[in-house]
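Asker: Taken from TrEMBL, the feature compositional bias 'Polar residues' covers A:1-11, A:367-378, A:396-414, A:454-465. The feature region 'Disordered' is assigned by TrEMBL to A:1-33, A:123-143, A:347-465. Per TrEMBL, transmembrane segment is recorded for A:60-78, A:84-107, A:203-227, A:247-272. The domain 'Palmitoyltransferase DHHC' feature in TrEMBL is assigned to A:157-282. For A:419-431, the entry in TrEMBL reads compositional bias 'Basic residues'.
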Amino acid sequence: MKSCDSQQTDLQAVPTPAPIPPPHAASRGPRGARRKWEVFPGKNRFYCGGRIMAAQQSGVLPLTLGLILVTTGLFFIFDCPFLVKHLSSCVPAVGAVLFVFVFITLLQTSFSDPGILPRATPEEAADVERQIDSSGDSSYGPPPRTREVVINQQVVKLKYCFTCKMFRPPRTSHCSLCDNCVERFDHHCPWVGNCVGKRNYRFFYTFIVSLSFLTSFIFSCVSTHLAMRAQDGRGLVSALQESPGSAVELVICFFSVWSILGLSGFHTYLVASNLTTNEDIKGSWSGKSGDVASNPFSHRNVFVNCGSVLCTPLPPSLIDRRGFLPEEEEPAQTCCTDVQLPASANNTQRKCSQGRKGLLESAAPSPLQSTSCPQGEPQTVPPGPRRPSPADSEPTRQASNGCRAQHSAGSQGNASSARHSHHKSRMKKHKEAALSISNPTSHGPVAPTCPDSVPTSRGTSSTQA
Amino acid sequence: MAETHSLQDLRHQAAVIAKVFIQRDYTNGTLCQFQTKFPSELETKIDKQQFEETVRTLNNLYAEAEKLGSQSYVEGCLACLTAYTIFLCMETHYEKVLKKIAKYIQEQNDKVYAPRGLLLTDPLERGLRVIEITIFEDRSLTQ
């Protein structure tokens, strides 16, 4: 501590270079300052300096990309020359436009922030804990971890997220695969390798709609092509022999067009009624009266619902991946070794001495002491850029197994889940062959997860933590 | 300039006494709105009317950011037609309003809150969960 203080007086003699800009601007870049994506607590991967993000497991995304590229490539190589000659030259043009749409929207869905809510700061978490404790009666057991709010004359329960240490806003769910709370959580899609939430739902919807157009288009073109070849009296078999690529395309398109068309139809219904997959599967709004119109977020008008889901101004990413970490959050143990930093680090030194005091007065619950130096938030300053903590995988494993059971039990009558399970059975053999993960997340391409079941199991297992 | 200098002094030299958090108000759904209830910790520091006016203006600005009108429909359709690639080149309406909000908060801090030893933190830095008001130790700001 003494060396810290003496460093402090030395550095204070150096004038501060410029007026301090707002904390989340990226204009200050002292050596050693890290960007926020490097200490992001969720299970995400970042590329290009934080500009591109993806879930930790890419799921079946390579397969999705591969299938789309292979099918479209074969289409252009085998079918287009014939069809341009015998039908029309706008066939490849339409195919190209659809392919570009599909490819761009797929990349946008996979690599953008789905609407992740950053975790609460230690002071906020302490404040919420205080409120919970003061509202509960300690003699009746643990204090309530739910809040009720009335939205459009309907009572909506807000649950407390033990991982993110905050009450989740309505329609927000915690994704156990990505370990993040996602706003307007729809589902975690293994096909795109990312969660689908408020910010990327429109990309996802455009992706599946354009993919259904592309698949149907290729399917009809290939059928036309083979029919025209076979018509010349040579028969279907010789037509297939002449154009083997078309056979491959036919098989792929035939099996995928039904699922994708069904999925697009399902999501069109969800968009029109302003529902999420998560809410639809859990029956959040159709419980008691059995009436879907009791969704408090629906505008009761199909066009307004579509507009509010697809056309609202795109909200910004709240996690500020490329922002620099404020110096108060640098770890306590290294702040005294960073004495080579330029003058703007004089705060770090002062906070360091305050933080040491905080360490010694560890019993004091005052948020002030614990947050001046970041030992208050050890989980956000990990040893490396990605930190899936081993402690988390246990509750996740239990939760996702329970989740799977819940899904298969609860989704019998649901047409969409029938399609998902069709996917599951078809793709299971591919998955098991291609991916040898013993990870809890390898539970097949079940599109929706049950993130709300996770906090309860987390809660029971991690309240000691 | 004098005001920003005193704001800097506040942040780097005054000790933080407490932080008050204004939570979100979900009665209108998932729109970003904050509760206008006056927290008891600020009773001695600032006028209730002033505080409520700040929060109400912020609520109006956030409502403007998320507003669903003819302009947003047109932007949405145009974006869809370009496979949403225009988001890479263009600043969205929401981002424009966020800049306005940041400027408003800065201005409120300079004029109203810093002289009273308080500091508003832009909710965007807290994931739009809370408005954090930091209460600083009451000592003279000039040294």
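Each Cβ is built from the backbone N, Cα and C atoms, and glycine gets one as well.
In TrEMBL, annotation is done automatically, which means it is predicted and not curated.
Quantities reported herein were computed from a predicted structural model and do not represent experimental measurements.
Describe each of these features in terms of where it is and what it packs against.
Answerer: For the transmembrane segment (A:84-107), the residues of the chain that approach it from at least six positions outside its boundaries are 64-65, 68, 72, 75-76, 192, 203-204, 206-207, 210-211, 213-214, 217-218, 221, 224, 228, judged by C-beta separation under 8 angstroms.
Within its own chain, the transmembrane segment (A:247-272) is flanked in space by residues 67, 70-71, 74-75, 78-79, 204-205, 208-209, 211-212, 215-216, 218-219, 222-223, 226, 240, 280, 302, 305-306, 309-310, 415-416, 419, 422-423, 426, which lie at least six positions past its ends and keep a Cβ under 8 Å from the stretch.
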Asker: Same chain, outside the transmembrane segment (A:203-227) by at least 6, Cβ under 8 Å from its Cβ: which residues?
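Answerer: 68, 71-72, 75, 78-79, 82-83, 87, 91, 94-95, 98-99, 101-102, 105-106, 108-109, 112, 186, 189, 192, 196, 236, 239-240, 243, 246, 249-250, 253-254, 256-257, 260-261, 263-264, 267-268, 271, 309-310.
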Asker: Which sequence-distant residues neighbour the transmembrane segment (A:60-78)? Criterion: at least 6 residues beyond either end, Cβ under 8 Å.
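Answerer: Distal contacts: 92, 95, 99, 102-103, 106, 110, 190-193, 211, 214-215, 218, 221-222, 225, 243-246, 248-249, 252-253, 256, 427, 430-431, 434, 445.
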Asker: Tally of helix, strand and coil residues over the domain 'Palmitoyltransferase DHHC' (A:157-282) according to DSSP?
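Answerer: Per DSSP, the residues of the domain 'Palmitoyltransferase DHHC' (A:157-282) fall into 77 helix, 19 strand, 30 coil.
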Asker: Taking the domain 'Palmitoyltransferase DHHC' (A:157-282) alone, what is its mean pLDDT?
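Answerer: The predicted confidence over the domain 'Palmitoyltransferase DHHC' (A:157-282), as a mean pLDDT, is 90.
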